[in-house]
């Protein structure tokens, strides 16, 4: 048998050729990763690329889907309540009954020089004018009566009494003038303290003095109205009294009813027009316009306005009685305590105790005036917040001031053409 050549190979008995070896895997083109490996910069299947969080996980620094970011309330929950801003005396929102009762006394603490100091000056000047005018007038009148003869004594007594009454008008007019100015000063202080400002005493008085004539006009109109009501009631009683003794019962009954009616009428008118000084000073309204606007603002809030003013007056009067009662008792027993041996006589201790009582009365009276005037100003601000959204205007003003805007309009002024709230 001949031998097999190199081109011949052994075959299996079935005649099939043996399997050829598998070819080597082809190399990927340049720049591509081998099979089963992710290209550079891409993550394998099921893994997130570098720098990205896997599916279902949030990237670093971000909350997962459905979870709140930092500082945000969880889904389905309301954000936490934040109180309204309070840049100064009161929060910039409609005021509660308790705030209206407490804030007037905080006015004294925030700026005592401008508030208590102003009231003390006014009270002291009123007392001084009364002493300087009424003292000599009364002394001269009594001296004339004592020196008059029996035939002329009746006429001299009538003339001296008239002179004392005329002299008393001077301190009354002075008190009305200074009280009107003082009320304007306290209103301005409360309005600016609400915005977080603290005014100097001189600044407040200069600003209030610009509105002195409307304030005096309002005070004069108020006094005239009260006097007219009393005169009408007294005239009716006099007419009934001169009808004879048979009309005595009717006269007394009508007099009582008229007195009660006047009290109710005066209280009602006082409450309805109590905001007039605030409107004259802060909104620069005239007397007639201020009366109408005060009537409108208090509509629907009569009892709240009356209740707050009544309670503040009651608190002040109660404290006044508690403080002055011991001083009054000391005044009654001054001679015994100060001069038990009666060396100085009765005049010296009486004068000393009277001066002490007057000083305490001046202090308590000054506190009362500030508290009651501040109460009216706070009621005015509260009613404008409720009816006209003044709290929003105050917030805008405070924000503009903090940003350095010195041209921001006074928030208490009404825009031109704006009607009063119903």
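Using the three backbone atoms N, Cα and C, a Cβ is placed for every residue, glycine included.
Database features, via TrEMBL:
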COMPBIAS  1-14  compositional bias 'Polar residues'
COMPBIAS  29-80  compositional bias 'Low complexity'
DOMAIN    107-364  domain 'DUF7847'
REGION    1-84  region 'Disordered'
TRANSMEM  119-142  transmembrane segment
TRANSMEM  162-191  transmembrane segment
TRANSMEM  212-241  transmembrane segment
TRANSMEM  247-269  transmembrane segment
TRANSMEM  310-334  transmembrane segment
TRANSMEM  354-381  transmembrane segment
Point to revise | Positions on the same chain near the transmembrane segment (247-269), where near means CB under 8 A and six or more residues out | key: 225-226, 229-230, 233, 236-237, 240-241, 306
Exercise for review: Would you kindly list the residues that approach the transmembrane segment (162-191) from elsewhere in its chain, counting only those six or more residues past its ends and only Cβ-Cβ distances under 8 Å?
Suggested key: 89, 107, 111, 114-115, 118-119, 122, 125-126, 129-130, 133-134, 137-138, 140-141, 199, 204-205, 207-209, 211-212, 215-216, 218-220, 223, 277-278, 280-282, 369-370, 373-374, 376-378, 380-381, 412
Exercise for review: Average the per-residue pLDDT over the domain 'DUF7847' (107-364) and send me the rounded value.
Suggested key: 88
